[in-house]
Amino acid sequence: MPNYTTVTEFLLTGFSDVWEFRVLHTMLFSIMYLATLTGNLLIVTVITVDQRLHTPMYFFILNLSFWDMCYISVTVPKACVIFLLNNRVISLVGCAAQIFLVFLCASAELLLLTIMARDRYVAICQPLHYHVIMTPRVCVQMTLASVLSGLVYAGVHTGNTFHLSFCRSNVVHQFFCDIPSLLKLSCSDTLINEIVIFASTMIVGGGCFSFIIMSYIHIFSTVLKFPTRGERRKAFSTCIPHILIVLIFFGSGAAVYLKPTSNSPLIQDMIISVFYSIVPPFLNPVIYTLRNKQIKEALRRVMRRTLTYFRKTIIIATHSYLDCRS
């Protein structure tokens with residue numbers, strides 16, 4: 001029998017051991033992280049404050065922004081610690097928690113993107129029934145269903161992964177804990193795990209992707225029948241940002257989870273992981289604010305109100321100070 005030692009902690013991996021590159025990677029990840037938090041927090045604030053944006057579409061965008069902030073916060077802060085301080089250690093419990101949260105956030109986003117495709121389909125293809133179908137209660141129920149489904153999905157995959165024994169090595173060739181990297185370290189038979197991952201990705205991911213594609217086929221066929229170019233442009237402007245995020249998210253995620261774990265070049269997997277764990281949360285606020293006229297106008301209104309509030313506060317404080325001096 002081989003003399004294996006049970007793993008109690010893991011060592012995560014950076015992109016490079018060269019100090020200058022580690023500093024550069026830390027700066028890039030930190031900038032993307034702060035920009036993501038700022039952009040998504042602005043979207044959440046603007047949609048919450050502006051009554052004109054209290055519609056189903058913006059309700060889902062608000063929820064997507066919330067999950068974006070959670071998603072990127074699970075991986076990037078720890079990655080920056082690895083790059084800058086070379087503190088690569090993560091406990092077994094910490095690794096399990098990271099996998100659970102990554103799967104929760106990713107599956108919740110996946111289901112939200114699918115719900116958003118449904119929302120656009122009803123708004124464009126069935127406009128007269130939109131407010132009957134997409135009621136506030138239905139929107140909340142669909143959002144809660146996506147979260148509960150994400151909890152179940154994350155729990156199943158985390159439980160299946162940490163039911164295995166890890167005794168070969170404790171070096172995870174990834175900047176965060178993910179299942180394909182951990183399966184390579186297991187001394188248990190991982191065939192069932194690989195089948196479950198492949199099957200669930202095909203069923204859940206493939207099902208959502210097929211639903212989104214079918215929704216947009218109907219949407220585009222309807223939009224092309226619109227009589228004026230302005231109406232077509234307005235419809236496309238609400239759909240194209242969603243399609244871009246879907247393609248990046250699904251494409252990069254499928255590239256990691258649909259291929260055999262033994263045939264994965266390490267640096268290639270790490271780069272692809274950036275595209276499904278960091279790039280979508282980073283791009284969401286950019287796409288939805290730069291291409292969305294309503295959000296840009298709402299942002300200007302909120303900024304004007306904020307500046308007016310601070311101006312009045314300064315004037316009142318100044319008058320109070322002058323009254324006290326006199």
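Glycine too: its Cβ is placed from the backbone N, Cα and C atoms.
Feature annotation from TrEMBL assigns domain 'G-protein coupled receptors family 1 profile' to 39-288.
Among the features that TrEMBL reports, transmembrane segment is placed at 27-49 (among others).
Below 8 angstroms of C-beta separation, residues 12-15, 22-23, 25-26, 29-30, 32-33, 36-37, 40-41, 43-44, 47-48, 90, 98, 101-102, 105-106, 108-109, 112-113, 116, 143, 175-176, 277-278, 280-282, 284-285, 288 of the same chain, each at least six residues beyond the ends of the transmembrane segment (61-84), sit close to that stretch. Taken from TrEMBL, the feature transmembrane segment covers 61-84 (among others).
Residues 7-12, 57, 60-61, 63-64, 67-68, 70-71, 74-75, 78, 142-143, 145-147, 149-151, 153-155, 157-158, 161-162, 172, 176-179, 182, 204-205, 208, 211-212, 215-216, 242, 245-246, 249, 253, 276-277, 280 of the same chain lie 6 or more positions beyond the ends of the transmembrane segment (90-117) yet place their CB under 8 Å from a CB of it. Residues or ranges marked as transmembrane segment by TrEMBL: 90-117 (among others).
Residues annotated as transmembrane segment in TrEMBL: 138-156 (among others).
Here TrEMBL flags 195-219 (among others) as transmembrane segment. Long-range contacts of the transmembrane segment (195-219) within the same chain: residues 107, 110-111, 113-114, 117-118, 120-121, 124-125, 153, 156-157, 160, 179-180, 235, 239, 243, 246, 250, 253-254, 257-258, each at least 6 residues beyond the stretch ends and with a Cβ under 8 Å from a Cβ of the stretch.
According to TrEMBL, the transmembrane segment annotation covers 239-258 (among others). Long-range neighbours of the transmembrane segment (239-258) within the same chain, counting only residues 6 or more positions beyond its ends whose Cβ lies under 8 Å from a Cβ of the stretch, are 106, 109-110, 113, 116-117, 120, 124, 178-180, 197-198, 201-202, 205, 209, 212, 216, 219-220, 223, 264, 269, 272-273, 275-276, 279-280, 283-284, 287-288, 291-292.
The transmembrane segment feature in TrEMBL is assigned to 270-290 (among others).
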